[in-house]
Amino acid sequence: MRLVPSIRTTIGALILATAPVSADMFENLEVSGIAETSLALGLSDGSLQKSTVTLTPEVHFDLSSRTRVTLIGRLRSDLKDTLEPGRPDGQARATLSDRWHIGSHLEAELREAYLDTEIGATFLRLGKQQIVWGQADGLKVLDVLNPQSFAEFILPDFEDSRIPLWAANAEIPVGDLTLQLIWIPDTTYDEIPEPGSAFAFTSPLIVPSAPPGVPVTFADADKPGNAFTDSDVAAKLSAFTGGWDLSLNYAYHYADRPVVRRIASAQGITIRQNYERSHLLGGTFSNVFGDITVRGEIGYATNKYFRTDDMTDQDGVVRANDFSYVLGADYAGFTDWFLSTQIFQSHLSKAPLGLVRSGTETRATFLARRSFMNEALLAEALLIQSLNDGDGLLQASLVYEWRSNIRLKAGADIFYGKRDGLFGQFRNKDRISVGMEVSF
Amino acid sequence: MNTPSPKATRLFTLLTNWPKTILILSVLMIAATASFMPKIHKDTSSDAFIEKDDPVLLYREHVRRTFGLEDPIVVAVVNDGENGVFNSESLALVGALTEKVAALPNVDPDKIMSLATESNIVGTFDGMEVTDFYDPLPTTQAHADAIRDAVQDFPLYQGSLVARNGQSTLIIAELLDQEIAEQTYQDVMAVVAAEDIPDGNAVHVAGEGAISGYLATYIDNDAKTLNPLAGVVITIVLFVAFRTVAGALLPNVIVLGTVAASLGLMAAFGVSFYVITNGLATILIGIAVADSIHILSQVYEEKVRTPDASQREITVRAMAKMWQPVTLTTITTIAGFMGLWLGAEMPPMKYFGLFAAIGVAGAWFYSMTFLPAALTLFNIKPSRLFAGANVGDRYGHLLAALGARALKHSKVTLAIGILVAVLGVAGTSRVLIQEAQIENFQTDEPLYIADTEINARMDGTYFLDVIVEADEKEALFQPANLRRMESLQAYVEGLPAVHGSTSVVDYIKQMHKAVNENRQEFYTIPDDPDLVAQLFFLYAASGDPTDFEEEVDYDYQKANIRFNLPVADYQLLTQLIPEIQTYVDTRFNTASIKATLSGRVAVTHKWIQTIEENHVKSLGLSLLFVFIATVLVFRSSIAGLFALVPVVMALLLVYAVMGFGGIWLGVGTSMFAAIAIGLGIDFAIHTLDRMKDLLATRSGSYDERLQDLFPSTGRALFFNFAALALGFAVLTTSEVPPLLRFGLLVVTAVSTAFLAGITLLPVLGKLVRPAFLFRNADEAGLSKPASVTASLLIAATGAALLLHTSPADADTLPSADEVIAKVNAREEGEWVSRTLKMELIDRRGKTRTRDTEGYRRYFGDEKRTVLFYTAPSSVKGTGFLTYDYPDADTDDDQWLYLPALRKIRRISASDRGDYFLGTDLSYEDIKKEGKVAAEDYAFKTMGLETVDGFETIVIEGIPKDEETAKELGYGRVLWRIDPTIWMSRKAEMWDVGGNPLKVVHNSDIRKVSGIWTTHRIDVENLKTGHRTIFTFAEVDYGTEVDEAMFEQRSLKRGR
């Protein structure tokens, strides 16, 4: 069943969500929100990449002294519609988590809807939410619980591209430790832009290719659909001891990236996508030494699939276990400056032959941020560099807080490197953007 | 000789019983008061002359914030060649100098203006284009010519940036901190000196910033060398007078005590040392010496009279005779200076009067205690000069001859006196009230030459600002308002001495012309407000939108019209400013738009205007007080009038010298009335007292009875006069005009007062025969009312001092460590919850707000604090958690939750001095909540001060080492701790370089659940002009804050 409400009901629902509700009904009602407009101009062809207006209303109210409800919606219109042309089929999403498309230029989404409550010392958050793990910035080892939209690759903040899921999240104090237990009955996975979208994947690292002349057919993705049997479970144990922030993480989950298999038959090649379960075991740590914050996360994921160019291989993918980690250091020793660097490595155990990616992949990131005028102006540059393929991404941004509630933004995203690389595949997608954010 | 009173004899016998004790106590007291002196704060700025809360100064500060205007230093490049400065070499020089000056510390790199930074507005096919004149750097004559043509086509730059004849151009550099303008002037001079100036070019450095900054130091430096020299000269005079070592040295100890008392107390009470305080030192030297000259003279006379008497006997006898006149002169001198204190409004002059009075009291005190003790203890050798019954040296003879002649031809003496007085009145009418800072420099000083040169060529480097304020935003797009401004500009430019002006109107006209193919007939204000708005928009599209920052505010609601004047003297301004004000009042101001005069020129006018009133007021008060004091002392109003005679003569002659000598009555010279009265009255009192004594105790004719007056008292007065006159004469050798004038006028005053006192008073006594002179001294019981008056007046001085500051001496205050310990022990509740609103205000008044909720709880000695942002939405959800450990060596643990990342970031806590989340308080300030990390500082109690009407103890904290200072970001902190609540009401911070950094003002302090709580903190960063207002509300110490609130996981939940 697909929910296709009329424009009127959708707008009505959003207005209702933001309209002041009588104070008798809910205690401590807070209504706020952010309206944001953003314009991105592609540098290679000088055409607009996007022209969006986004409204993010937020409502909080208390049901009782220990129970608080949060609703966050998002209404977004894109006059250009090149990121997800038309109405995306939403097949990566579970029905209850899907967006509502109102024409090809307007979409509405219930981003988050959860209830916070406490039972004894246990804190419970039930509903649609984002659960973020890990210590790394812009790189993911443990932050795998929520899937992500790649409509603009990894350019937007994870906050915006992460897809919230319906989940039950409990935090239970155990002595000085905290145990987090998570159950996610929401079978929503990464949104990969369809071919023809502005940021459609073309790198052979991800997308299989067929020999010339061989016909290719695409089969429907085989997506898990049972909320119970296909649900994810996860647990985290965290501690603060001797100055160290430590955590131990475990998840039994479906990897959010589909496994893309190429099945050769007499009729040609069929591309099939399905999702595979994985065990992820990992941990994080951070501590401060003088001006330097050291942080890291480490993870061991089983049952991961990677592309191979061995034409004799049956389905074009091979299975391996992935050991990956991020080590980072932040330096805040210069007034108004924040400098940060990270190194990321992913090492495949028993790297099979013909693997498209290297057995060990290394990336480094460098971040420099400087604030001016009592933090009214923030300038930031982030470089993500692949040390295997030599490609990378440079993101620069300026955010100026013009009034308490108005921010002006300008930015540039520059991809470089070989066309086959993860970042280099978008070398024609360099862009500059301007935007304004009004909060209320 | 005065008849020693038995009571006085008993008192001094008692005092000389323990000469060693008194000596040691005196030395200790001198050392104690002197120990404050190194801490004296020098304030040589010219703004110091006006009350800090004067509306004119406040408005100028407002203007400064709105338009970012500061007094500039101006560098002129001059080339008298055929093409003027429009040749590639001169233009390159302008470029090079601009770049180097902009790089200097204290020069605002965004506010430097020259041909190298300015833009040309030209019309183009589709609108207009804003291009830099120096794009690219001109290397050919053709390009230089093009720039000349462009500038000639741009009326705005004519006369202001480039001379109308093209032979000079300016680099105008605005300063960040006017207080260190002198250093910046020197830096600019160094840049110019290091620059290779091509032939045919000359470079000059001037400007208001340079003048006001440099003037104070200029005077101060010269005074520093001349004051000690005055001391040396006075010592020589003493030696000539007594020809003994004791006679030359003992008065110097009293000088030391006097100066220490006056300047030490100034430092202790936090009163700044101003430029004119230099004069105070010299005056105190003179006054301190005067008392001892009279006492020592008496001692040497006694020694001659009774050579076999013990040193103690002689001392007691001399003191018993001299204490009375010395006390009387002290009272009258204090009265004179109190007039200055009460009559003057400018803080430097007020304090001059007050601390001169304190110094005089100090001189009297040491003359009454230390001097007799020292004279008793040390065996004073008889002076060879004092032999026989009277002093037989040539000074004594000279004085005797002078006195005898004056008395003999009494009518002639009187006639001469009247003649001099008439001359004085004539001169007085010629005194010109005038002030022009530049005239305080020697005419061959480079700054003076530069000022003359630049102002002769350009429209002027003195600025009068007229601020136009409309009641609606964007009102300045309205042609009607712009025309109003245009008319005002035209009117003022038509006034004499106004040579040009700049306002946003000129830019609009230039842009209007530019968009109309540069046709001259379009150099007008457009009729359509939308077109005006579009012109600005067009400009912003191709130029730097901040180019108009100095002319119009962001909302187009306020504008500044800046008028150029080549001179800014007071006489001119008193003409000009009322005329402009009248125009503004009658023809400019309406209900919706009004104009206000501001700028350095208006401020200068305002405070010089007060000189005239203050001068008359303090003169009147001084004369009145001196009169009252004399009347009380002699119990005769005629005596009061007699005593005023030498003083008034001195005043008239000072005015005559000023009137005929072309010396203006300005800032420095306006105090002469009070000084002349204070110093001159001594001569009258000593003479009258002795005359009274002689007339009562001697026999014979009037002239015979007064015979002894001249060789003894007259001689002492002569050396008193000589010490003062020669001491101040040293100042006349100064090359700095104000010091020279100071010296000259004081010499005139004391000479006149001395001569009039020693001649006119005996003559008047002879002619008028007033009853008070012929009353029997014993009958009159002079000593009794005198002592009563003395105590009364000295008590009054003390009371006045109390009113200003407070009674306690820093020595009697609790120790700084105790105070800080009390502050740190102040109860703050085991837990607290509250809301905190932070308003971040930049120097242009733009405000950003942050609403937060904060919680704090103690876990044993460990303090945990958490802060959640609740508004605006863009930062809502941001959380900040701190664990502050009792062990000072353990760094805090801090976490920041950023909702955009949905992650808790561990952040370094080692940079305690960094600013807390964009506010003006540091992390350390926020964390300590008004307490102080005692281990970081060495503390010292500085005194008492009243803040917001509460008496506070001033505590100084100096970081214990350089590293700590760097960590904290402070090189020095002054807290004002209110001892009734043990909280700081106001704190000032200096940076590690010693520059003023921040002022933190705590207010709305009230009890919540029995705990004193600050509800508002105003922080101003003096370097950036940025301010933060913290407002606390809903403070609750009663409701327990859950321990779980301080766990990382609660950060994510937003509470």
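Cβ coordinates are placed from backbone N, Cα and C, and glycine is handled just like the others.
Whatever TrEMBL says is automated annotation, not expert-curated.
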Task: Range annotated as transmembrane segment - as stated in TrEMBL, picked from B:282-301, B:522-541 - done: B:282-301
TODO: For the transmembrane segment (B:226-246), find every same-chain residue at least 6 residues outside the stretch whose CB is under 8 Å from a CB in it, and list them.
DONE: 252, 255, 278, 281-282, 285-286, 289, 293, 296-297, 300, 374-375, 378, 380-381, 383-385, 395, 719, 722-723, 726-731, 733-734, 739
Open item on the list: Looking only at the recorded stretches B:21-38, B:322-342, B:412-433, which one has the largest tally of CB-CB distances under 8 Å to the transmembrane segment (B:616-634)?
Closed with: B:322-342
Task: the transmembrane segment (B:253-276) vs the transmembrane segment (B:412-433): 3 or more CB pairs under 8 Å - done: no
Open item on the list: If you count every Cβ pair below 8 Å, which range out of B:21-38, B:322-342, B:412-433 shares the most with the transmembrane segment (B:282-301)?
Closed with: B:322-342
Open item on the list: Using a Cβ cut-off under 8 Å, which residues of the same chain at least 6 positions beyond either end of the transmembrane segment (B:412-433) come close to it?
Closed with: 406, 570-571, 608, 611-612, 648-649, 651-653, 655-660, 662, 664-666, 752, 756, 759-760, 763-764, 767
Task: Confidence summary for the domain 'SSD' (B:253-377), mean pLDDT rounded - done: 85
